[in-house]
Amino acid sequence: MSKLTTGSFSIEDLESVQITINNIVGAAKEAAEEKTKELGHMGPTPFPGLETYRDDWNLKLLDRYEPVVTPMCDQCCYCTYGPCDLSNNKRGACGIDMLGHNGREFFLRVITGTACHAAHGRHLLDHLIEVFGEELPLNLGQSDVLTPNITITTGQRPQTLGEIKPAMEHVEEQLTQLLATVHAGQESAEIDYDSKALFSGSLDHVGMEISDIVQIAALDFPKADPEAPLIEMGMGTIDKDKPFLCVIGHNVGGVTYMMDYMEEHELTDKVELGGLCCTAIDLTRYKEADRRPPYTKVVGSMSKELKIIRSGMPDVIVVDEQCVRGDIVPEAQKLKIPVIASNAKIMYGLPNRTDAGVEETIEELKSGAIPGAVILDYEKLGEISVRLAQEMHPIREAAGVREIPSDEQLKEWVDKCADCGACYLACPIELDIPEAMKFAKQGDFSYLEDLHDACIGCRRCEQVCKKEIPILSVIEKASQKIIAEEKGWMRAGRGQVSDAEIRAEGLNLVMGTTPGIIAIIGCPNYSDCAKAVYYIAEEFLKRNYIVVGTGCGSMDMGMYKDEDGKTLYERFPGGFQSGGLVNIGSCVSNAHITGAAQKVAGIFGGRTMEGNLAEIADYVLNRVGACGLAWGAFSQKASSIGTGCNIYGIPAVLGAHSSKYRRALIAKNYDESKWKVYDARNGEEMPIPPAPEFLLTTAETWQEAIPMMAKACLRPSDNSLGRSIKLTHWMELHDKYIGGLPEDWWKFIRTEADLPLAKRADLMKKLEAERGWEIDWKKKKIISGPKIKFDVSAQPTNLKRLCKGA
């Protein structure tokens, strides 16, 4: 019997019977694999499995960047043998040790994040194929390299929605294999869990890429547009006199139907539609490819979810998936705000009204008979949510629940405070709430106002208050003036970096004359304040780094203004260029950040992209200066995103809370045996400077993070001008934020031309006096001293197989 593929067939000799098969499980992937074999220029690893990258690449990375384990506790409670004490090198009843257990815990978080993005991608892909068909072309802007992550992983270059299916199937298949290794009695070696985590991270970027490219193509999002529209942002942008429909989550599928309903019924100026988290970003991208005037609003990041509910402003809340608080229904109930769950991943125990009538459902929700409902039919969702917001607005105003608490209630709550300090101890960022309460009792609410921006809205303080004071409501009430003026601007997510931008900037990045790419991504679980990401972005933008952002990071960068009242998005261009601030989009748009680095390797470096992860990653690690920042990372998705960057040789700095992820990847910069690569010209070993010296680490303060990130953009292949520019920035930033010169600056000097021009003479004196280097002062040249010699034609690689004659 011939092999079945997708399509339809009929069986002869059966009268009036036709059997139609729309899709055979695995057939799309099998067809893609057959097609892959026919293509030229294919790398060695299309459609990889758990073991594929292990020896060729992952273990090479992990040999240099050794895992640093930070357990949360000494016990393992994973199976019924336990709990087992794993302290002091003891093994559990199953035989696993602390390293293996900790590796499993980190790995579990990575695959959870990968699964989240993959499921997001599967949902959007199936939905958009159902609506638009498999033949819808992937119009993503003026680029030939449309799907770098998919291409590197599968060897395929899909051109339509339907052609993405093999990549989606591959991610799902490998996730099943990865999840199986977590079971008791499976993998026990920490190093192999780390290798599997890196593999999962690469799949995560495939899942994210699928999620974003299908919505860009089908929903008319901006397509690699550096001039995407500016969007109003902040709690102060919401008009309280209008019904407010508030959306929260990451999957914009259902929200587009709300927008369609509003546009069809001419309600865009009569109803406020705004959101939090990545759904907010993506609703501002819908139909914006032609840069029409936007009417939707971005309220802010996840940290504002509870704050916006406590404000009483939303008339209806619609949630979809990812990074949505678990207490939204009970919190909304207090203020008569109906909650609609629009995605099966979050249903909150609410009654399912997907098949119920529109009028019946609106009446149930409006009357308060039910606190909310599950509505998975997007056509109904669009109509019900908008109409319900219009009807709830006057009802809630009449009930007096538009804003809480009253001035009298605020004073009563403040006076109840016993100054016990429990809230201070419970606060994850140690906000001095007792001191603010003390001043508030005296009528000075400025200290409470100061807490508004720093507060991450977790409500842990309220859980421990013996007086049952709703502390978050106290802070928000005291900050009403600030909230009313909380208005920023953010450029709508532009999508991919175009091939043309890569060609224009690739040489500068590889040579080092553009100092590097700084990617500000991740969640708002900041250890200091949200303004830290603004300070970091501004510092690097003024120094002509390319700053790219996604998700909550992109939002928080745009919430603050300079002395002229301008946000960063108004001050700096939106192109992928030196000194450009590029809002790529939502969380799933992170794939385009790794995609940009991959494109540099493929387009500028001439590397084969198809099925060729190790070569692409090797090029990025040695040549492309880039560093990620997830300053408020909290979720499993943040872990998988960062790990996906790591496998491609892109380091990431995380905030102080992120040690709770349990693992960092830090090299020993003093161990010279770790800092050797091959010269691809002849296969000989060549020493390189310790750059980058980590793949994943944490910083305590944003002041510490800035010079750390500048240093992480140094690369072995920098030419002398690029090295001089990068060292100038690193050394200046170290002096500005830490004080003095870095201890190891001299390790990066190969020739006098590497030295920062303005301080060249002084630094040469230090090299002579402190390091014993020989200097020819007449010629102002370094005669001897550097262990690394500059060779402009050297071809550094970690892969022996790439060397000539290998």
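Cβ from N, Cα, C; glycine included.
The annotation [4Fe-4S] cluster 1 binding site is assigned in Swiss-Prot to CYS73, CYS77 on the grounds of sequence analysis. Long-range C-beta contacts of CYS77 ([4Fe-4S] cluster 1 binding site), restricted to its own chain and to partners at least six residues apart, with a cutoff below 8 Å, comprise PRO83.
Of all Cβ atoms in the shown protein chains, 15 besides its own fall within 10 Å of the Cβ of CYS79 ([4Fe-4S] cluster 2 binding site). According to Swiss-Prot, the [4Fe-4S] cluster 2 binding site annotation covers CYS76, CYS79, CYS84, CYS94, on the basis of sequence analysis.
Residues or ranges marked as CO binding site by Swiss-Prot: HIS117. Following the DSSP three-state reduction, the secondary structure of HIS117 (CO binding site) is helix.
Annotation note: CYS323 ([Ni-4Fe-4S] cluster binding site) sits in a coil segment as assigned by DSSP. Annotation for CYS323 ([Ni-4Fe-4S] cluster binding site): spatial neighbours GLY249, HIS250, CYS277, CYS278, MET302, CYS523, SER635, LYS637, criterion Cβ-Cβ under 8 Å with sequence separation of six or more. Marked as [Ni-4Fe-4S] cluster binding site by Swiss-Prot on the basis of sequence analysis: HIS250, CYS278, CYS323, CYS523, CYS552, CYS587.
Feature annotation from Swiss-Prot assigns domain '4Fe-4S ferredoxin-type 1' to 406-436. Panel annotation: around the domain '4Fe-4S ferredoxin-type 1' (406-436), residues 447-448, 450-451, 454-456, 458, 460-467, 469-471, 473-475, 477-478, 525-528, 657 of the same chain, lying at least six beyond its termini, place a Cβ under 8 Å from a Cβ of the stretch.
A 10 Å cutoff on Cβ-Cβ distances gives CYS420 ([4Fe-4S] cluster 3 binding site) a total of 13 other Cβ atoms nearby, all chains included. Among the features that Swiss-Prot reports, [4Fe-4S] cluster 3 binding site is placed at CYS417, CYS420, CYS423, CYS465.
The [4Fe-4S] cluster 4 binding site feature in Swiss-Prot is assigned to CYS427, CYS455, CYS458, CYS461. For CYS461 ([4Fe-4S] cluster 4 binding site), the same-chain residues lying six or more positions away in sequence with a CB closer than 8 A to its CB are CYS423, ALA426, CYS427, LEU431, ILE433, ILE471, LEU472.
Per Swiss-Prot, the feature domain '4Fe-4S ferredoxin-type 2' maps to 445-475. Same-chain residues lying 6 or more positions outside the domain '4Fe-4S ferredoxin-type 2' (445-475) and placing a CB less than 8 Å from one of its CB atoms are 302-307, 310, 327, 404-405, 410, 413-414, 416-418, 420, 422-423, 425-429, 431-433, 435-437, 439, 481-483, 524-526, 528-531, 632.
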At the level of the C-alpha atoms, what whole-angstrom distance separates CYS84 ([4Fe-4S] cluster 2 binding site) and CYS73 ([4Fe-4S] cluster 1 binding site)?
11
In sequence order, which residues at least six apart in the same chain have a CB under 8 Å from the CB of CYS587 ([Ni-4Fe-4S] cluster binding site)?
HIS117, MET208, HIS250, CYS278, GLN322, ILE521, THR550, GLY551, LYS637, ILE641
Should CYS84 ([4Fe-4S] cluster 2 binding site) be counted as helix, strand, or coil on the basis of DSSP?
strand
Between CYS455 ([4Fe-4S] cluster 4 binding site) and CYS73 ([4Fe-4S] cluster 1 binding site), how many Å separate their Cα atoms?
27
Need the DSSP three-state call for CYS461 ([4Fe-4S] cluster 4 binding site) to compare against my parser.
helix
Pick from CYS73, CYS423, CYS458, CYS552: which of these binding-site residues has the biggest number of other Cβ atoms within 10 Å of its Cβ?
CYS552
Helix, strand, coil: count each for the residues of the domain '4Fe-4S ferredoxin-type 1' (406-436), based on DSSP.
19 helix, 0 strand, 12 coil
Applying a 10 Å Cβ distance cut-off over all chains shown, what neighbour count does CYS278 ([Ni-4Fe-4S] cluster binding site) have?
30
At the level of the C-alpha atoms, what whole-angstrom distance separates CYS417 ([4Fe-4S] cluster 3 binding site) and CYS458 ([4Fe-4S] cluster 4 binding site)?
20
